[in-house]
Each structure stands twice: as structure tokens, then as C-alpha cells.
Amino acid sequence: MFNFFLLILIYSGIYALMALGQNIITGYGGLLSLTQAGFFAIGSYATAILTTRFGWSFWATLPAALILSAFFGLLIGLPTLRLKGDYLAIATLGFGEIVRNVLNNWDSVTRGPMGIQRIPMPDLFGFTINPYKKYAFLVMVFIFVGIAYFIFQRLARSRMGRALSAVREDEIAAQSMGINITTYKVFAFILGASVAGLAGSLQAVFSLSVTPGTYTFMVSVMVLCMVVLGGMGNFKASILGAFIIQLISYFPQLTGLSSVIPPQFKQILFGLILVVMMIWRPQGLLGREETRYGKKVAKGHKGGAQ
Amino acid sequence: MILLETEALTRAYGGVVAVNKVDFVVESGLITGLIGPNGAGKTTLFNNMTGLDVPSSGKVFFNKKNITGLPAHTICRMGIARTFQNIRLFKELTVVENVMIGRHFKTGKSETKGRFFNAINSYVHMKQEEEQIYEKACDWLDFFGMASMKNELAKNLPYGRQRELEIARALATDPKLLFLDEPAAGMNPQETDHLMATIRKIRDLDITVVLIEHDMKLVMNICDTITVLNYGQKLAQGTPREIKHNPSVIEAYLGKEEE
């Protein structure tokens, strides 16, 4: 039971990484994208193929997975620049499905629906991070979540974060303020994609096997739910959202009611949560994070000419 | 000295010629007015000069450099800032953040100000830079007497203040040339008087101002030179006094007298 709880925590961490990326794209950049499953898959398969076929160590595949998914982020970011809202969602959804179908059919590389098994466990200075013994793995995942959170949080408070907010609020005005909106939109995609790739890499060494069935459209929807539930434009909220959604999706198993509650239950519950949230708390549980300038930055600046 | 000049600028949307071979000249240091009846092509002309729209033909020169068809952010970085007829603030951001965004490309030590990689550099030296940006933004808010509102959300400001904030945001980019698109629209007479004083103050900062306005009192009072557009064509150009007595301008606004 407790072991199962640890498993949920690990999955929460992996999904939290994706949610952080989704928050950069959707929460800050205002781009409704449904690609996270695709980047997740690319990261996973990069690690799976490089370790099993080329004998790379897990740590060497991490940057490879990151760069590869960032590259695909660039590829998807550029052509979809002109799309907004629903249209962007449809185009990016297509990308996720393309990735899954390629993985399913490119037998010579991905072994198709059979997937890739026997991915070696990660080693660190002679210590094997064994996913069956969960603790070490849990620590590793949350170190990555911590690093990603730190980098993103700082980014959001820099002028890059402000520029992204400007692009979200009003593209025309942002352009007229000297912000290159093309760069920043693509940048958001690249960042979001690279953490999702990282998450995929971790997923691969956690389950020690990858199959295309893991990376369905539902993954992207879940990640989007996490960001919306927690609150758009707030990284803490994305992590919180990841925990809550993961808890809910394992609720039947956790309470031992999995024989009574059908697996479709969680999809019903997601829908219900989103509807309820949109009615009572559209800004999410925590709401957008506001940067209060003046308290932290200014030292004795005399305000108030009035 | 001529700061900005258009050469036979034309913008056609299909068969509709919104701006037709307009030669528009902005002398540096002066306040230039751009007037004309509704639909005369004033805003289209603005958009074509600031890079939000690309002319069908003709050229735009800024400081003798051809800037025709350059993207809006490049033109902004060269020193042309603008406001919008329908206020385009970053509504969900605070007042000071709005102005700080105007400083976006103004930080960094290298020559390539505003370049993306420079932004990454600024990420590393963030604290220092943020302080500079914040201080400068506060100075501009002080200029408009809005420092006390800096942590309000932009959408919660009263209408006149929103217009001023948009000007403050544009000024934060340190422009040489400032385009104001109907700055007095929707303002009451006191607010308009206040605005006139502000525009004069901006001119005194060595910033050349071009404004579109329907409020003739404001235009005649503060503009040094006025250009009149009608049906996309330049009708007249001259001092306020000349424009006031120009028969074709009177005709465009009031119609021809029946005899």
C-alpha cells in the first residue's frame, strides 16, 4: 500500500515536469498546445533506444532526449506560429498522434507495438537507482522537478517571462514594444518540449520498458488538466495540479475499489473537475502568480508623485 | 531636419485603396498632426509606418534609412514607438509591468540590445537588470504622476489613465519618434487639457510627436504642422492657420456649399 503511494508520487513527479513545461507554453505564452505526450514519447524512446541499442548510459541519454525533444519543439513551433486557440490545439494534437503512429509503425527502430524492454537501470557512482526500490528513484525525480522549477520560476520573473506574458496578453502591442513574438513563441515551445523530453527519459528508466500505448492523447489532456486545475501562470500550482490529478487517477486502486469502479471513472472525474473549476474557480486553485515589484527589487525608490 | 518620410506610400486591400500615394513628412522636433474624416486612412498610414502592416507600394524612410516592410519589433528598436486607437494595454499585468515591458530591449551591456541571446545573458545577471528596468519604469510613471498606482492591474485603471499608461509604455522604449493614435478619444475637456500639457512635455524631451486626432481644439493648439488626409490621399499640409483656411479641407469636413 505504502509502496503504491510511492509509485503515485513518482508518477506525480514525472507528470509535474511535463506540467511545468505546459505552463510555460499555455500559462505564460498563452498557446493552447496539446503536444506534451509527443515530446514525452520522444524523450522516452530516445533513452530506450540509446541505452539498449547503443549501450549509452542513462545520464548520457538525458541531454540527448532533452535536445531531441527541444528540436521537435522547434519543428512544431515554427509552422504553428500563425495559429491560435482551437486551431493551434488541433494542429498540436495532430503532432502528438503522428509521433505515436510513427513509434507504432517504424518497426526497425522502435520495434512497433512490442515496444522496447530491458532498459538498463541508471547508475550513479556505482549505486544503482533501482525503480523497484522506489526511494532513490523518488529522490532523483524530485531533484529534477526542483531544478526545473527553479529555472522556470526565475525565468518567469526575468524579462523573458514578462515578454512571454506580453505576447499572451496582446501580440500586436508586444510587437510594437520591440518584442520579437516569433522568437518567444518558439522559445516557449522549445522549453516546454525539452522538460517533457526529460520527463519521458525518466519514465523510460522507471518502467524499464516503453510501448507506444503509454503515450496517448490522454497524457496531453491530463497534463493540460494539471495546469488548469492548479492555476495557469503559476509553477507551484502546476506541481500541485500534477499531484492532485495523479491521486485522482489512481483513486480506485488506492482505495481498493478498482473492482467496483470502472477504469473510465477517472476520465469522467477529469471532465467533472474541469467543469466545476470553470464555474467556481476559473483561475485555478492557486491562481496566476503575481510578481510584486517594488518589494523585492526596489531599494528605497520614492514612489508617488501624487 | 526630416526625421521620417514616406514616398508615394500606397496600401490597397483588394480594390479598396486605403492609402493612396501619400508623401508624409515628419520634421524632427515638431508636433505633427494627422487629421481627416473617418476612414481617410490615417490609422492605416500609421500601421504602415510602424511595421504592423506592409505597404502595397511606396517607401518609408526613417533617419534616411529605408524601413519599408521591416517587422514591427525592429522598427520599434530603431526608435519609433506608438500607441493605439483602441487601447492595447497588457490588461492582466500591473501598471509597472506594462511599462517594464517597454524596457524589454533596452537592457544588456552588449551592442546587440534586445537580441534573444542577450536576454539569456540577462537571465544570469537578472537581479541587477531587473533593478535598472524597474527604476526606469518608475521614472516614467512618475512623469505621468502614476507612481502610486504601479501595482494596480492595468485593466482597473480609469480610462484616461489607461491612455496615459499606454503613452508611458511607449516612452519607456526611449523613442525618437512617438506616434499617438487618437490620444484624446473619449476624454473630457479637463483630461484633454492635461493631455495637451503632457504632449508638450514629451516634445520638450526631444521626442518628435505625430498624432492622429479628431479633437480640433487639441490639434489646432499644439500641432506645429498638420497633414490632412481624405479618401486615402493627402489633401493639404501646412500650419494650423493655413489648414483652417484651406478651402479643400473645409469642403472635406463640412461638404461643399450649395450655390
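Cβ from N, Cα, C; glycine included.
TrEMBL does not curate its annotations; it predicts them automatically.
The transmembrane segment annotation in TrEMBL falls on one of the ranges A:86-106, A:212-232, namely A:212-232.
According to TrEMBL, the feature transmembrane segment maps to residues A:267-286, out of the candidate ranges A:7-26, A:267-286. Counting Cβ pairs under 8 Å that are 6 or more residues apart, the transmembrane segment (A:31-51) and the transmembrane segment (A:186-206) reach 3 or more and are in contact.
With a cut-off of 8 Å on Cβ pairs spaced 6 or more residues apart, the transmembrane segment (A:186-206) and the transmembrane segment (A:239-261) reach fewer than 3 such pairs and are scored as not touching.
Same-chain neighbours of the transmembrane segment (A:58-78): 35, 38-39, 42-44, 46-47, 50-51, 92, 95, 99, 120-124, 185-186, 188-194, 196-198, 200-201, 205, counting only residues six or more beyond its ends whose CB sits under 8 Å from a CB of the stretch. With a cut-off of 8 Å between Cβ atoms, the residues of this chain six or more beyond the transmembrane segment (A:267-286) that come close are 218, 221-222, 225, 227-232, 234, 236-237, 240-241, 244-245, 248-249, 251. Here the transmembrane segment (A:212-232) has long-range neighbours at 15-16, 18-19, 22-23, 26-27, 34-38, 40-41, 44, 93, 96-97, 99-100, 103-104, 110, 112-113, 115, 203, 238-242, 244-245, 249, 267, 270, 273-274, 277, 283-289, meaning same-chain residues at least 6 beyond its ends whose C-beta is under 8 angstroms from one of its own.
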